[in-house]
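Participant: One structure coming up, written as structure tokens, with questions to follow.
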Amino acid sequence: MYNPYQQSGGPAYGADGYGQQGYGQAYGQQGFGQAYGQQGGGYEAGPAATYTAGAAQPLRPTATGFVNAAASRGLNTELKIPLFRLSFLTAADQAKFETLFRSAVRPGATTITGEDCKHILLRSGLSPFQLGLIWTLCDTNNAGELLFPEFALAMHLVNGVLQGERIPRALDSKVKNEVSSFVDLINFSVGSNSPPPEGQKARTPFDALTQGAGTLQPQATGFMPPTSFGVPQATGLGFGQAPMQPQATGYMPPTSFGAGLGAHTTGGNALASQMTGGLQQYAGGAFQNYQATGGKGLGAQVTGGFAQQPAGANPLLSQLTGGQGFQQQRQPTGANSLMPQVTGGFQQPSNAIGSQPPAMGMPQGLSQGQSVGLQAQATGFLPPSQFAPTAPLAAQKTGFGNNEIYSHAAFASGFPAGEDDKLTPEEKSLFYNIFDTYDTDKTGQLHFKVAAEIFRKSGLNRSELERIWNLCDTNNSGQLNRQEFAVGMHLIYRRINGHNLPHTLPPSLVPSSTRILNNVKNQLKVSSSSKKEPTRIDGLAYKNNDDDILPSFKNRRKTFTEPRQSKDNKTVDDLKKLVEEKRRKLESERSQLSLRQKDQQIKDEETMRHVDSLMHQIRSLPMKKHAAVPSDMKARFDSLTSSISTLFNNIAEIDDEITNAKVHLYRLKNPSSIVGSGPNGEVTEYDQKKARQKAVLAARMAALTGTPIETPSEADLRREEQGLNEEVAKIKEESRKNQEILNDIKSSITEISAPISTFIYGSGNADKDPAYERWELGIGLEPEVCDFIRKLKETQTQAQAQEQARAQEQARAQEQARAQEKARAQEKARAQEQARVQEQARAQEQARAQEQARAQEQARAQEQARAQEQAKADAASRESTRSPEEFARWPQDQSPSHPGLTASVSPQSQSVSVSNRGTPQLGQQQMGSGFYSDYQSADARAAYVRQQSQLKQPAPAPTSTTDFNSEDEEDEEERSLREQLAALKLKRKAEKEAKLAVGRNQTGASQDPAVRASPDEWDEQPSRPSHTPVYSTSPAMASQGELPKQGSSAPHLHPTTTGDRSPFFKQKQGSTSTFDLKAAEQQRRLQRGLDDGDGWSDDEDSSSKPTQPTATTSATDIPSSGADSGARAPVSAAPASIVRPDGSTATQPPVVPSPPVPQPGPSSGAPIPIAPPLPTLNGQQAGPAPSVAPTGHVERAASQPQINDGNEDDEDSDVLSIPESVESEDGKDQYTTAIPEIPYIPPPPPLP
């Protein structure tokens, strides 16, 4: 890089302090910045002088020198810079650098020269060494000139160094690629501009002022007040040219001298603009000495370097610029010199010198410590059309383009951190998702209420939120779209992270929609006629012009000194060369592109391998144990939570009930005269009104009638109402306090359960954690990473689900195993229990069988003993009651074959035995005795009555010698009930069979009446038992059918003979008639139903057979109305057996007995006539039924074999069953009961 500060002119630079003191301080702090922006600190800021000469106003100071010339030149709008965005620059910085570049690039060129760039870069205040390093980095093609991207890069590096950064030793690859791409794009677009005119050969902005003009044209800069001199000062002479027109440089106030400063020549040919802040290099490489420009006591002023003067010019004499008596030194200018110009200072009024007093508005002094001289006025040439002659000059900017970009403040703080701020894609994705969440209507606009509520959650104060809203709501619509909302959220996060909020929204944060809208607005504001040629080429509309001549890289160092050749002058060879050059360039670009692609592909493959390895490592990591709460604990927690709510609801209801109960209790304790009709008996307003009306009515009635009525007055009602209201308020206050206590308890329980709920169901604040949103939800990550996270979570979820399923399956299997084990244990216990019960049942059954056997054995023994005892008693009674005739016949009746029989054997027993010959004996004995009418004497009958009373007494229960266990005692009742049921069934079945047998016997007897049983056969032994059951004649029925004879003793039957007792012959009448008073009384009692026996018994043996009627053959056999009261049931005599021709016997059907006839008392009247015998069925007469004398003991007929004809059903039996309540008593007489003693009853009247 060409560096003029490293040449031999260093001493002048160092003494001057240009690079360190003069320029650096002028640029960075006071001199230069204050010279252009405000007045220097060394001058006295006095008010502008006012002049009274005419109506003209004083001229204001204007910018002078090179800056003025650059400002007048403007921007190079012909330069075509492609539309390309540099990522390392903000949009605002790139626009500023483009403006500066356009102002410095010469017309027709696309690059900025090193000399022009040096002047720009030196204003930064950096050292030449630093600037040299920056130039080396920016000049990528080593052309000595910079294109716009290279110039922008240089400005960016300068800005970084000013902000404290280091100069990089090499450019970043990304920055380098962007700059190279931008440079290539510019190179392809070169040649689109038209060539410059033929005669234009400008190289610098100053050439237009020095070339093409012989002499400088006069320029009016103001009015001169009338003075004694009145001649303006000549400001320049040309070589061989007419003097320059006088130039007015200011107004002169009237003085006592009345003459102004004379005109002096101040320069040679083409005097250039004076630099007031810097020096231009002289052609010889040396600088001019300082020119004395001050008055008395004033220091030298730096007025700038002057352009190179042509050789041969006459030297200009120096001009006095100070006060009176002070001679200014001549300023050497090399070969030629210029006369110093009057630029200010206090001028002494002197006619000899002709000095001109300065304007009062000019700075008039220097402060101590200032190294910069007085501020010079503009002395250069200004375009004559800039202002009117009567208007004052306006202050102009003195820098290139926008002068404020070069101020220290601009370089130091003109690039705030917010300029580089922009929204990242991750932030956009996150903020857009939040916007879509709240934009439920899908309108694309978020209302200010919703957006303000979202912003308020950040915790910023109101002023900051208002400032953020003003920044993001660019169009003041009160609503935010997606981009504006994202900008607002971005500013909120930056403020939370400690960054300051910008005063204006940076261009990088301006939403694209707002930028487009603003551009459209600006285009609409500008008319179509004033539109300029577009400064950028649209990439879509770009079309390469191959006919244009493009500069090569080798001639970029050169400038176009000659006009470009016309298209017509191009030859075919030149075009071929251009085509070949383009082809080579394309090939090189392709090769470089392929190399870059290969390198990028290798890097991508390596990156992918690394990513795959990381993914594999992540997948291979052991999964975190699922710390989920067991399902039973979770279910328990849920149940407790729900039960707590239920409990609180119940408590609230109970509290309400308690409150109502208290109110009701108060009303009961303090009864009111007002009857409430509201809910729960509450007193309503209507009830109160009604009570008041009632009280008023009662008071009026009392006043009318004069009688007091005891009714509560209105005051009493109000007092009661007030008391009730106070009590109700008190009760409600207590209820409210209780409710508050319950609410506190509920809140405490909620606080305790909240951590548990968070642990079970996860945290509810996880969405506020950016890391959670990033790595759990995948917000702000690349799509591949998001997919990987999603798949990883799915894998973890599946693994957890499988683990939970396995755990549940194991728990289910364990539960089933426990259930099976429990079932097996229960089954085993049940089997053991059943076995034990069966064993107990068998033991009980065996014990019961043994007990039954023992009981039967004991009962049999007792029965035998009782039968023997009864037999003995009967024998004894018969023996005592035997008549002398019987004693006389006793030896005759004795059978020689039975010598061992005692006197107790009676004919009655023989008759009974004879009657039972044909009945098979089953070993059953029927206890009982004869009837009362069987005894003739009173003593025998009294003995009979005593015997029957003794028999009626219950026998002592048999004592069991075996101790029963508790279980036998428990089953005793059940066993007895079962036995009773079985006995009833057997009884019904036996009765049914007996009825069937009776029916069959009656049928057989009616069919074969010829065969009858002869009474003579009773003494004989039966040949064989008959298949047809033969019912024996009951002694009771026999006694009922027999009437006592008058004039004879007790009837006596001889079983072996029938000669005297034939039923077919008339019986002999006794001479005397006996009447038994007791027998008649007994008969009468039986007829009247006064007997104690009811004919029912629980004995199965006695009640199993139906009572059969006794067949009678004579009228004398009148049956009794009932059986003996001591007997369980009257035993009917069996029908008379009829012997058939085939040897079988038929039973005669029973004959209905006639009603009993009372016997008259003993008298000597005629005997009672006996009716003839009743006719038998089918014209046959049954044989006479033998009369059996009553005996003391009558054996019960044996059970006959039952005929089973297949009908086992006993439900249709019409036989009355014994009630279950009637239980048989063990030990009682199962056969007969004794008749109690009967008091003496007078005999009935005799029969007619």
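Residue positions begin at 1 at the first shown residue.
Just so you know, glycine gets a Cβ as well, placed from its N, Cα and C.
So Swiss-Prot lists the following for this protein:
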- 566-601: coiled coil (COILED)
- 713-746: coiled coil (COILED)
- 787-879: coiled coil (COILED)
- 965-997: coiled coil (COILED)
- 316-337: compositional bias 'Polar residues' (COMPBIAS)
- 559-575: compositional bias 'Basic and acidic residues' (COMPBIAS)
- 800-817: compositional bias 'Low complexity' (COMPBIAS)
- 818-833: compositional bias 'Basic and acidic residues' (COMPBIAS)
- 869-888: compositional bias 'Basic and acidic residues' (COMPBIAS)
- 904-915: compositional bias 'Low complexity' (COMPBIAS)
- 916-928: compositional bias 'Polar residues' (COMPBIAS)
- 965-974: compositional bias 'Acidic residues' (COMPBIAS)
- 1023-1037: compositional bias 'Polar residues' (COMPBIAS)
- 1078-1091: compositional bias 'Basic and acidic residues' (COMPBIAS)
- 1150-1161: compositional bias 'Pro residues' (COMPBIAS)
- 1239-1248: compositional bias 'Pro residues' (COMPBIAS)
- 427-516: domain 'EH 2' (DOMAIN)
- 460-495: domain 'EF-hand 3' (DOMAIN)
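Could you place the listed features in the three-dimensional structure?
Facilitator: In the predicted model, the coiled coil (566-601) shows an average pLDDT of 84.
Each residue in the compositional bias 'Basic and acidic residues' (818-833) gets a DSSP state, and the totals come to 16 helix, 0 strand, 0 coil.
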Participant: Give me the DSSP three-state residue breakdown of the compositional bias 'Low complexity' (800-817), ordered helix, strand, coil.
Facilitator: 18 helix, 0 strand, 0 coil
Participant: Below 8 angstroms Cβ to Cβ, which residues of this chain, lying six or more residues outside the compositional bias 'Basic and acidic residues' (818-833), approach it?
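Facilitator: Distant contacts of the compositional bias 'Basic and acidic residues' (818-833): none.
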Participant: Residue counts in helix (H, G, I), strand (E, B) and coil for the domain 'EH 2' (427-516), per DSSP?
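Facilitator: The domain 'EH 2' (427-516) comes out at 55 helix, 4 strand, 31 coil.
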